[in-house]
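Taken from TrEMBL, the feature transmembrane segment covers B:6-22, B:53-72, B:79-100, B:106-130, B:151-168, B:203-226, B:238-262, B:274-297.
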Amino acid sequence: MAEILRTEKLTKHFGGVMAVSGVNLVVNRGDIHAVIGPNGAGKSTLFNLITNYFEPSAGRVLFKGQDITGRPAHAICRMGLARSFQLTNIYPKLTVFESVQMSLLSIEGLAGSLFGSTGKLLQEDTENVLEMVGLIEQRDLIGNLLSHGDKKRLELAITLGNRPEMLLMDEPTAGMAPDETWEIVDLVNKLRLEENLTILFTEHDMDVVFEMADRVSVLHQGLVICDAVPEEVQKDEMVRECYLGSAWPVTS
Amino acid sequence: MRRKNILIAAVALILLSLGLMLEQFWLKVATEALIMMLLAISFSLLYGHTGLLSFGQGAYFGVGAYGFALAFTRLHLDFPLCLLVGVVSAGLWAAATGYLCVRLAGIYFAIMTVVVAQSTFFIIFQWYSLTGGDNGIQGLVPPDVISGTRGYYYFALAIVSAAFYAYYRLINSPFGLSLRCIRENMIRAKFVGIDEHKHRLKVFILSGLFAGLAGVLFAPFTRSVVPQMADWISSGKAVFMGILGGASYLLGPLVGAAAWVFLDAFVSGFTVHWPLIIGILVFVIVFFMPGGLMGLVHSYRVRAKARKRGSSGLLSDGTET
């Protein structure tokens, strides 16, 4: 399997605190790859370093073989690496349709265009994305009026509008009701199959992680302490001690 | 859609017939209102659509006016060419100063625009050999056809209508949507591939052009330019007009500028305490109608629509375009 993303000795310290220290991570194309770990392990920071939301203190990020360390966020996005945020990040006063249309316009290189009217531009593509995430009924609602679960879906739709090759999702099901959670899991699985997306995500719900992931990396105090297929991660002594707890069933 | 066309036709008819009906004084007031709409648009593009609070649009208003005046009196160019020189100089000045401003965000951006505007004012004020300092420049008489009050009203109406159409197209373009995304959530916008620096600089220049065009039209209207056109009161006027009308609405700046100029003319007819009235007005708007006059209209329409549907379900809020 070919790799799509690689981090080399990626490091970030905030003052004296080592948030991420020397992380080497390889994500293979087409995989659903989970990053798990206790609170404060550095999961979100790792995501923020990969997408250059924070500048790394040291190390490199390679996406599709190119060094993207320190490239502006918008340029990384245009290369096909999109992300969602832990705290839902949408446009509160734009309609669902506009929010997704923007991503499509952006990736088509039309974000700065002064010509044409947004009313109908890329309407079909936008509706396709909304159809995919199940928000077509709400297309004319403004983002703020959506339920929490639908806001999460909208943010997913916003990232999908960028037609990414790889998607970074920081806790895609955080705060969702159980049935909503499984809808998202199904959706993500479908996306992988239909759109051939590579997905890197963090998650606290271990049922979701072990259901979805092809590969799991465990982060603890800024270090990768385990990187393997889910079955092995569950058996790993150190992981059990640091994170899962000894009560976690060995067989899944 | 058809109702909209009828409305546009009605407004056009009213504006055209005003030129024949109004007496001199009110016709001048109407002309000033038209010109000030452009200054209000300039502020609204930045604040209402992009979320950038500029307290310095007066600078580009002044530069536009002086660009015109200098081309007219020093270079003796044709009138239309002088207009062009004024607008272009405002655009260039906006590009140079905007480059500094858009690197900053929030309150720092606002402060930077004040710094730039005050610097612009002092450059105009002190550069005696070029600008005539506090004497200003006089004798800016437009060509015969439009030198009368009525002629100039129609001239301003034509230019402002064209500029308004450009503004309408601008906020409905993909670029306009990008601006609203930046306003709504800059981080999200960045992470869908929008180069926010580039976009902010572009809108800064465009809004400088609108302010410049206002200045260019104002100079021959009063037959003179003075440094005060670029001072902080001038910038403040742009802010007040924008807020009064509702800066994020298509018609906000037009309504705001018209209300402002007519109120000014009306109130100063019987009291010298016009600034006091302004103070109270601003107070009322900020506290009771943050969406401005168009915000009131909009929320009324949303409520009427909801009542019609027999529910309280809000359909759409935000920008009325």
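Using the three backbone atoms N, Cα and C, a Cβ is placed for every residue, glycine included.
Spatially, the transmembrane segment (B:203-226) is adjacent to the transmembrane segment (B:53-72); three or more Cβ-Cβ distances between them are under 8 Å for residues at least 6 apart in sequence. Packing against the transmembrane segment (B:151-168) from elsewhere in the chain are residues 15-16, 18-19, 27, 30-31, 34-35, 37-38, 41, 45, 142, 145, 210, 213, 217, 220-221, 250, 254: each is 6 or more residues past its ends and has a CB under 8 Å from a CB in it. Long-range neighbours of the transmembrane segment (B:79-100) within the same chain, counting only residues 6 or more positions beyond its ends whose Cβ lies under 8 Å from a Cβ of the stretch, are 59-61, 63-72, 112, 116, 120, 142-143, 200-201, 204-205, 207-209, 211-213, 215-217, 219-220.
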